[in-house]
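The structure appears right after this line, and notes come after that.
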Amino acid sequence: MMTKETIVAQATPIGRGGVGILRVSGPLATEVAKAVVDKELKPRMANYLPFKDEDGTILDQGIALYFKSPNSFTGEDVVEFQGHGGQVVLDLLLKRILQVKGVRLARPGEFSEQAFLNDKLDLAQAEAIADLINASSEQAARSALKSLQGEFSKKINQLVDSVIYLRTYVEAAIDFPDEEIDFLADGKIEGHLNDLIGQLDKVRSEAKQGSILREGMKVVIAGRPNAGKSSLLNALAGREAAIVTDIAGTTRDVLREHIHIDGMPLHIIDTAGLRDATDEVERIGITRAWNEIEQADRVILMLDSTDPDSKDLDQAKAEFLSKLPGNIPVTIVRNKSDLSGEKESIEEQEGFTVIRLSAQTQQGVSLLREHLKQSMGYQTGTEGGFLARRRHLEALEHAAEHLQIGRVQLTQFHAGELLAEELRIVQDYLGEITGKFTSDDLLGNIFSSFCIGK
């Protein structure tokens, strides 16, 4: 979908720098080039030329590049002027370009939007551009690059292909009911459906990990009063973020700290001690604590290793786990190793990671840091996954829900028409991720968050 408009924007950050770039895209790009450099540019040839004002005055000199449609980032004719990075010089050159009739300033993200509309990128790849620019760690940058190269989109397209294949099979069974073989009951459709559910679950798990890399992992510290939750928050934050006393119930409200471990973002949340409180303010704090726990990506359950009654610790753990939603991962921390004599360590016990440490002396805290880093998907190699956004997770979640509904329609009600409709809905949700089925409002929200010039 080629636009009739020609847009221009500064592609390098505002301010002074060694190099400044102005990017022009649209049908008037070559006309702009002729107006500025007074020469017809050959595609993909670098030209070192003076950049001239309307009266012929030289504004700057630098490199002019021409990318002819469709072999450009946007799929349109694109011209770049690469000159000196002084903001005054760039503003003068921008003013000159805007004097060409029909050229206007680009909106934020409009170059990427044109690339999407011209099928140079799908929506997930376009979003990956912004994620690559904003990556806060090497791992996030590598994963964003994989998304930009189409890794995430490839997985989504494979799911869509599987859905289309299954839809075709189901609708054929509906259209030819008089065949000797009952295709809805022979087990093949159910087998394909179960395979599809498994494929989707795997992609959802990878997308969840990718979302954590992008947005950060929410870690809630929970446990009984005086277990050392606030001390652990301070140890992880590297500062006295929370008040620490020997008085049980000191923390009444939720405390939040945003930290980075090797560039990986974490949102650490300290909560009120969990117990049967009589004080109204403390009860409110405990309610808020549970609200945070239920929304966590991971929970650190703090236990006081100096408690002489091991059964009491086991009971505290059992009570907590019985109230916890089953899909939230838990790390158990046995605190106060400096007082109990336990050696700082990390091990797996009964399906949980158990870490022994002292939040007060910070002995063993490095073990917890490394564990949290690995939980976020940190990898020491060069290979990474892909980045995902919250809207991607929501679309995958909706798709999974409708696959489960479809399985019920097939196995319990033998309703092929209803299964076919659920598969159509699943295909639409998956299409939202790559932009095959996306509202204009959503597109506007996505691209408006980009930098101008991208």
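Cβ coordinates come from backbone N, Cα and C, glycine included.
Pulled from Swiss-Prot:
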BINDING   Arg23, Glu80, Lys120, Lys454  (6S)-5-formyl-5,6,7,8-tetrahydrofolate binding site
DOMAIN    216-377  domain 'TrmE-type G'
BINDING   226-231, 245-251, 270-273  GTP binding site
BINDING   Asn226, Thr245, Ile247, Thr250  K(+) binding site
BINDING   Ser230, Thr251  Mg(2+) binding site
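Burial estimate for the binding-site residues (Arg23, Lys120, Lys229, Lys454): highest at Lys229, by number of other CB atoms within 10 Å.
Ser230 (Mg(2+) binding site) and Ala272 (GTP binding site) have their C-alpha atoms 9 Å apart, to the nearest angstrom.
Ranked by Cα separation from Asn226 (GTP binding site), the binding-site residues Arg23, Glu80, Lys120, Lys454 are led by Lys454.
Compared over the binding-site residues Asn226, Ser230, the count of CB atoms lying within 10 A of a residue's CB peaks at Ser230.
In the three-state DSSP scheme, Ser230 (Mg(2+) binding site) falls into the helix class.
Glu80 ((6S)-5-formyl-5,6,7,8-tetrahydrofolate binding site) sits 57 Å from Ala272 (GTP binding site), counting Cα to Cα. Closest to Lys229 (GTP binding site) by Cα-Cα distance, out of the binding-site residues Arg23, Lys120, Lys454, is Lys454. Mapped onto three states, the DSSP output places Arg23 ((6S)-5-formyl-5,6,7,8-tetrahydrofolate binding site) in strand. With respect to their backbone Cα atoms, Ala272 (GTP binding site) and Lys120 ((6S)-5-formyl-5,6,7,8-tetrahydrofolate binding site) stand 51 Å from each other. Maximum C-alpha to C-alpha distance over the listed (6S)-5-formyl-5,6,7,8-tetrahydrofolate-binding residues Arg23, Glu80, Lys120, Lys454 is 18 Å. Following the DSSP three-state reduction, the secondary structure of Ala272 (GTP binding site) is coil.
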